[in-house]
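The transmembrane segment annotation in TrEMBL covers A:12-31, A:61-87, A:93-110, A:140-160, A:189-211, A:223-251, A:257-277.
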Amino acid sequence: MTQFLQYTLQGLAAGGFYALAALGLAVIFGVLGVVNFSHGACYMLGAMISALLLEHFSLGFWPALVIVPVIMFFVGVLVERLLVQWLLRLDPLYNFLLTFGLTLLTVDIMKRQFGVSSLKYEVPAGLGGRISLGSVDLSIYQLFAAAFAVVICLLVWVGLTKTRVGMIVRAATEDAERSRALGINVARWVTPVFGFGIALAGLAGVLAAPYRAINADMGSNFIIILFAIVVIGGLGSILGAVVAGFLVGLVEAYGQGYYGQLSQVLIFVLMAAVVLVRPAGLFGREEAA
Amino acid sequence: MRHTRMISLAALVASSGLVLTACGSAGGGPSSGGGKISDDKVVLGLLNDQSGVYKDLSGPNSKVAIEMAVADYKAKYGDKAVAKNIEITMADHQNKPDIANSKAQEMYDRDKADIILDVPTSSAGLAVATQAKAKKKLYINIGAGTTALTGAQCNKYTFHWAYDTAMLAAGTAGGIVDGGGKNWSIVYPDYAFGQDMNKSFTAAVEKAGGTVQQSIATPFPNDNFATFITKAESSKPDVMGIMAAGGDLVNFVKQFNQAGLQGKTQLAVGLMFITDIHSLGVDQFQGTQFTDAWYWNFDDQNRAWADKFKEKTNTRPSFAHAGNYSAALNYLEAIQAAGTDDADAVVKELEGKKINDIFLRNGEVRAADHNVIHDVYLAEVKSKAEVKEDWDYEKIVKTIPAADAYAAPSGACSM
């Protein structure tokens, strides 16, 4: 029982992080209809930039939490303006291929520039070690990362559902034509939303830096899990990404605890099961099916 | 409609993560040398990773090490040198067996290489052994760990100079159990290398009188080890052994430390290079024990060589660099003794030779399987406070005599 509880808490902690990482993917798809394959590469860039800030400017974890998302926001804006916007009107496959190409390019450039060995990073002061909650132990940093991620997810959700800007953005995505007719400048919102989604990926990278290997390949495996999460949650659904993030975290932890090497396969078994029962995902819009 | 299409697309991408690929290799035709010095020159071929994970560990700096060997050979024999004209050629095998295979063919045939050196990554190392056998030319492996090079896939022209997985297991597991770390949990990636290491370590722990309480297989690659670590810790082991390498090793060590286990449970790493410690920093690895084939700051002799190496490269040598130097130098010495670079004559010189040099202590080129056995070291990563200079990362806990470190020749090898 203690062990089950321990795995559950670890799963939830990992899940919070997954939710945040998948959130940007969900936001970008929800608003632009773009399946952003480069999300893993942006996550990697977030972690790499954190490590470089530390090495060259002695800027640690806390400043990086602010600086990196800002940098990544502008990276996103640049990519959207230069490339993504031209393909928006075409079949979504084109932007999928574009972001796939960008991923290959980014990963190889980073490899060339910084090699393949992992970069150094430190656990921020005060967040090292672990705490005991009754009979179970948890890494303080993992708890922090999960709590931080949940707060960000909540803020994004509130921002999109309860604020005027959020409503405009949602209206623009629901029905771009009518929104335009009502005098809403749809195009004005598309670019910042893309940048925002990329910033979220960068933020996940900063959170990952203290407890994961920081190298050019770190996003390649991660993006696969992120796709599983958004498929389970329903593409474009923010609530779906969050719930599925936690689900995947739990499944992975139980897998690691009870079925060892099956832990990653179980995630895809879950995905297959969800898609069989609800093709649009847990919170996806059923109009699709 | 669009949603359905995108969902199937995303699902397809996600599922592709489950597919893994493997590579194979092929052989080539024979050719032979002759005369006193074939083509009037001796060509040393360095084949290793020049751009990937093992670049820092060996890579282009091994060429510098080989150049040092050539210079030392020329300085020693001067006019009496049998090999007067010595060239070095170098290629990148990208850790892929198919590329290693074709590069080895090119080196032996086009570049007229008399020997190929290094070749990290076991699958690539084995591919080159096949070429050496076919072309009847020398091959000294330094960078790869597989025992198959001196086991089932051994051949007359292949030597294994620095380390192998059995020696890592005997050194690390034997050394730590002797030091009181009796109860082990082993975490290993579930593919050929990890399974091999798990088997070797389990056998070595048990042989030394310890117990492996749990062996936990993990997916490969994997970046979240949190629950695996909890599970491995649940049996309250004295020692946690991790058999992962590269990025997965870094993930594991970071998460092990964050679980608050650093300094509480002894961490043993199956395969670790000094370059791993350098890239992540001593604090992450502090207290970790592992087997090192050679350490630059072990004694004055090593240090003197490491100083010369640093003058040329501005960095300290790994054991692979020193191994390449030693292999190249002893190859040239064998040519000197044989009076020719004829492969069969050189092999005869090398077989059974006892060697003490800057790399090998109590070294012996075993004639039975061409495994070059020597004293190795159980090392512990220093704390930040103990580090006095760059690359001063290791405390040598004990020296493991060659006979204890290496397994007896396996019956699987017939030349």
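Cβ coordinates come from backbone N, Cα and C, glycine included.
Scored by C-beta pairs under 8 angstroms, the transmembrane segment (A:61-87) has its highest count with A:93-110, from the stretches A:12-31, A:93-110, A:140-160, A:223-251, A:257-277.
Between the transmembrane segment (A:189-211) and the transmembrane segment (A:93-110), the number of CB pairs under 8 angstroms, six or more residues apart, is fewer than three, so the stretches are not in contact. A:12-31 is the stretch from A:12-31, A:93-110, A:257-277 with the greatest number of Cβ pairs below 8 Å to the transmembrane segment (A:223-251). Segment contact is absent for the transmembrane segment (A:12-31) and the transmembrane segment (A:257-277), given fewer than three CB pairs below 8 angstroms at sequence separation of 6 or more.
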